[in-house]
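*Asks:* Below, the features straight out of TrEMBL:
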TRANSMEM  57-76  transmembrane segment
TRANSMEM  88-110  transmembrane segment
TRANSMEM  116-138  transmembrane segment
TRANSMEM  150-174  transmembrane segment
TRANSMEM  186-208  transmembrane segment
TRANSMEM  257-284  transmembrane segment
TRANSMEM  296-317  transmembrane segment
TRANSMEM  324-344  transmembrane segment
TRANSMEM  350-371  transmembrane segment
TRANSMEM  383-406  transmembrane segment
TRANSMEM  412-430  transmembrane segment
Amino acid sequence: MAMRTWIEPVVAGSQVASAFYDTALLLVVKDYYNHTNATAPSHALEDAQQKAVSDFYIVYNLVLGLTPLVSAYGLSKLGDKMHRKIPICFPLLGYLVSKTLLLLLILLSWPIEVMYGAAAFNGLTGGFTTLWAGVMALGSLGSSESRRSLRLIIIELVYGLAGFLGSMASGYLFVGFSDRYREGTVLVGCSIACYAFCLLYSIFVLTVPKPAASCPAKAKSTEEVGSQLPAHKKAAAAGSSQPSESSSSTPVSPSKLIIIMLFVAAVLYDLAVVGAMNILPLFLLREPLSWNAVEIGHGNAAGYVIFITSFLGVFVFSRYLRDITMIMIGVTSFSAGILIMAFVQWTFLFYIARAVMLFALIPLPTIRSMLSKHVEGSSYGKVFVLLQLSLVTTGVVTSTVYNKIYQNTMNWYSGFCFILSFLVGCLSLLPL
């Protein structure tokens, strides 16, 4: 029964599927616009292709990011009140259907705009916003507070390892069967099969773990908060921990302040990461790198190595450092790496930039862990989905703005967006 509470098979299977799908979608869109602009002069073909692919992803990411706003909170609230598997199974069903539409697009030569409808259906069934909030809620529910940061980073580690393996294989699967099937057919088919496995596992095998420990008493919560406040504020925090009938139902003000600051830091950091990662695939397709499908798969896989290094970082740092210090280390790691990425001219420098980002994954799961220590267990789903909705909403705006900035700066300086992400990443240190 203990093994049946593991959420890791769903995380691994869905991330392998996502890695397959992301590579397939990018290359299918690229090929589609290559054919569309086939009559353009060769010197103008690359710029036309870059702008067309960028415009596609602006609309696609807008639809994918905004549609979960309709359903995510409701699904997560149902998960808190009725059954924890609701915010996991609904999004997986949406993934399964939306990825099937890409397969039909390849086989039936449908227009690329069909993928906007696929993104809308994916979002209306909860999308990644609801799925990841549900995963984090289950992970938090089954772990003690002392080991929660480690538990959540282990889930992130499984996510990263699965993405690494999926990305490494994706380029080969995309081109490896092109002599017998249309390019992308096998890759998208494998993605659909992985999502089908995850959905069946979630429905028939997965069980909800029993809470490992209840939320701490208010006095203990105040003590934990006080350890993270300046010395002159600790007395006030301690004073508010005196038991009373009203304080038993209302969080102490230092907790509210910390929750707000954690939300602000998470949003700013996610803005920096999402902006840079949305531009990176386009950056890899054009000169000076001009990568092919296999090289893009390897590059994506390199990005997933940070899941391993971030896990090792939390495993070691959590013994000696506070959560807030680990978060700041992660922010600094990403900011330094993305600054190097702005000056990449050769393949080896790309991998150096990725290596510097070795702790870039630490901030968000550690922020979630800190948040879970200041709310009741029955509210995990709502709090995590509110955070995820904040991140997604910011990500949608960021994706649009960054794509437009990239279009206007790619001929002047293609790494400008990475410098912008470096500055925003440094800004996220302020609330921390």
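Glycine too: its Cβ is placed from the backbone N, Cα and C atoms.
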*Asks:* Can at least 3 Cβ pairs under 8 A be found between the transmembrane segment (296-317) and the transmembrane segment (186-208), with each pair 6 or more apart in sequence?
*Replies:* no
*Asks:* For the transmembrane segment (350-371), what are the same-chain contacts with Cβ under 8 Å, counting residues 6+ beyond its ends?
*Replies:* 136, 140, 148-149, 152-153, 155-156, 160, 258-259, 262, 265-266, 269-270, 273, 284, 289, 299, 302-303, 305-307, 309-311, 313-314, 317, 323-324, 326-327, 329-331, 333-334, 336-338, 340-341, 344, 383-384, 387
*Asks:* Check the transmembrane segment (412-430) against each of 57-76, 88-110, 257-284, 324-344 and return whichever range has the most CB pairs under 8 Å.
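*Replies:* Highest pair count goes to 257-284.
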*Asks:* Based on Cβ pairs under 8 Å, which of the stretches 57-76, 88-110, 324-344, 383-406 lies most in contact with the transmembrane segment (257-284)?
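*Replies:* Result: 383-406.
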